[in-house]
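Among the features that Swiss-Prot reports, Zn(2+) 1 binding site is placed at Cys18, Cys20, Cys32, Cys35, with the record citing sequence analysis. Per Swiss-Prot, the feature Zn(2+) 2 binding site maps to Cys157, Cys160, Cys181, His184. Feature annotation from Swiss-Prot assigns Zn(2+) 3 binding site to Cys174, Cys176, His190, Cys192; the stated evidence is sequence analysis. The annotation compositional bias 'Low complexity' is assigned in Swiss-Prot to 66-77. Residues annotated as compositional bias 'Basic and acidic residues' in Swiss-Prot: 135-148. Here Swiss-Prot flags 41-100, 113-148 as region 'Disordered'. According to Swiss-Prot, the feature zinc finger maps to 12-44, 151-200.
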Amino acid sequence: MGDAGSERSKAPSLPPRCPCGFWGSSKTMNLCSKCFADFQKKQPDDDSAPSTSNSQSDLFSEETTSDNNNTSITTPTLSPSQQPLPTELNVTSPSKEECGPCTDTAHVSLITPTKRSCGTDSQSENEASPVKRPRLLENTERSEETSRSKQKSRRRCFQCQTKLELVQQELGSCRCGYVFCMLHRLPEQHDCTFDHMGRGREEAIMKMVKLDRKVGRSCQRIGEGCS
């Protein structure tokens, strides 16, 4: 009986307090339920952190070893016979010094003008301008007229110097200004310089009858003229 009373007289022990201020328990490491749950969440992260770092280092080392193996496999050793020769490159690629004079000569040949002689120029001008020919002929005829000497006596033929009578002088006078006998009075016989054909054409044109066309121009009513 005395022991029971002594136990009852003892005060019950209080549970420990959590750092947050709530009551904890010995099962939860003297922490409340919330703090204990947070502690459990943090614990696996702390445990997995070194493991993940170790796994990453292992993977990196494996990748480096695999890369080294691949490079050792893919890089073949070239024999001296397979290596490219420098002479082949020099043959295929033309140098600028060789191409330079070729282009210069081509430009020079294009730029240099062709020289023409004076004879060819005069021939081309004569062929291109046919209108100038009659003028040249007229100039030559005038020079021939001036070169001919004047007839001293009109009683003799200018060609054969035979004596002419008065009737023969009148019949043998030519438009070129000279007097000829009956044998040389025609223009074809004494190389006449006068243009008889041109003069005949001009005279024919002057003698042509010009018609005055009055049909359709005057408008008169019937009976106006009679009145």
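Positions of Cβ are set from backbone N, Cα and C atoms, glycine also.
Of Cys157, Cys160, Cys174, Cys176, His190, all annotated as binding-site residues, the residue with the shortest Cα distance to Cys18 (Zn(2+) 1 binding site) is Cys176.
Here Cys35 (Zn(2+) 1 binding site) is positioned 152 angstrom away from Cys176 (Zn(2+) 3 binding site), judged by their C-alpha atoms. With respect to Cys20 (Zn(2+) 1 binding site), the closest of these binding-site residues in Cα terms is Cys192, chosen from Cys160, Cys174, Cys181, His184, Cys192. Using a Cβ-Cβ cut-off under 8 Å and counting only residues 6 or more beyond its ends in the same chain, the zinc finger (12-44) has no close neighbours at all. Cα of Cys157 (Zn(2+) 2 binding site) to Cα of Cys35 (Zn(2+) 1 binding site): a span of 164 Å.
Under DSSP, residues within the zinc finger (151-200) fall into helix, strand and coil as 12 helix, 4 strand, 34 coil.
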